[in-house]
């Protein structure tokens, strides 16, 4: 009987798939709102936190629009069911500008600016505020997971959950193992990723993880080819779509990813690896300085309606 009680206590303190029922996403931008949406679609209660009320307003409108698209695909010509689906998923998402409103969660995913010191400050605070069972995760695309979590105590409950943009559409999730992540935390992250409809792959904390480490050279060479005038942007993109079977060309993909994000990832990869393929690209630097960041600003290599 005592052994049974002990097992029950251990189970109740663990964070398994069944325990991840409440998720907090810190950061109301494109990535954060997308993560909040897929969690709500999966039936989980979600807190979406951002310091800027206007960003939360934009996020809620974006989520509503995306949920209507999803509902129309599921229920097609059944307006009542479409509205019911959107209403139920939307009601699972609560927004706030106060971080403490989201600390009582089973999983917290950070999706804020890609700056190491800012992320460290956030996680150090969350580590102090959150219950012991809470798993903490970063959505960083390239910053070292171990460096981000260097100051927290719950290193066994910390790792990376790298989604891809747009989150509701892209099926991949990279689960990044920190040095001290427990097997229980790893399994909980993998199962949670599957529960929100993602195919999960695992990577240790290496620069760029899997996708950006491989995508970086490809993207950089496409940028340099266009910068030299070797081919037009249209022909570079068409070439890779029809010649290599890619669904999107490298310059078009850069626009969707965000040229500022591309620049940041290349800078980090060059700093961490010293590989000259990741060196700064003058054309990319110029476009970022001019605010031509791609889809999110209405212009990058191509022009878009905001």
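Residue positions begin at 1 at the first shown residue.
Just so you know, glycine gets a Cβ as well, placed from its N, Cα and C.
Per TrEMBL, these features apply:
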type    : residues                                            : note
DOMAIN  : 22-206                                              : domain '3-hydroxyacyl-CoA dehydrogenase NAD binding'
BINDING : 27, 28, 29, 30, 31, 32, 50, 114, 119, 141, 165, 296 : NAD(+) binding site
SITE    : 162                                                 : site 'Important for catalytic activity'
DOMAIN  : 208-304                                             : domain '3-hydroxyacyl-CoA dehydrogenase C-terminal'
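Ranking the binding-site residues 29, 31, 119 by the distance of their Cα atoms from the Cα of residue 162 (site 'Important for catalytic activity') places 31 first. Averaged across the domain '3-hydroxyacyl-CoA dehydrogenase NAD binding' (22-206), pLDDT for the predicted model comes to 96. Fewest other C-beta atoms within 10 angstroms, among the binding-site residues 27, 29, are seen around 29.
Look at the domain '3-hydroxyacyl-CoA dehydrogenase C-terminal' (208-304): DSSP puts its residues at 67 helix, 3 strand, 27 coil.
Annotation for residue 119 (NAD(+) binding site): spatial neighbours 110, 112, 138, 140, 143, 148, criterion Cβ-Cβ under 8 Å with sequence separation of six or more.
Other Cβ atoms within 10 Å of the Cβ of residue 162 (site 'Important for catalytic activity'), summed over all protein chains shown, number 23.
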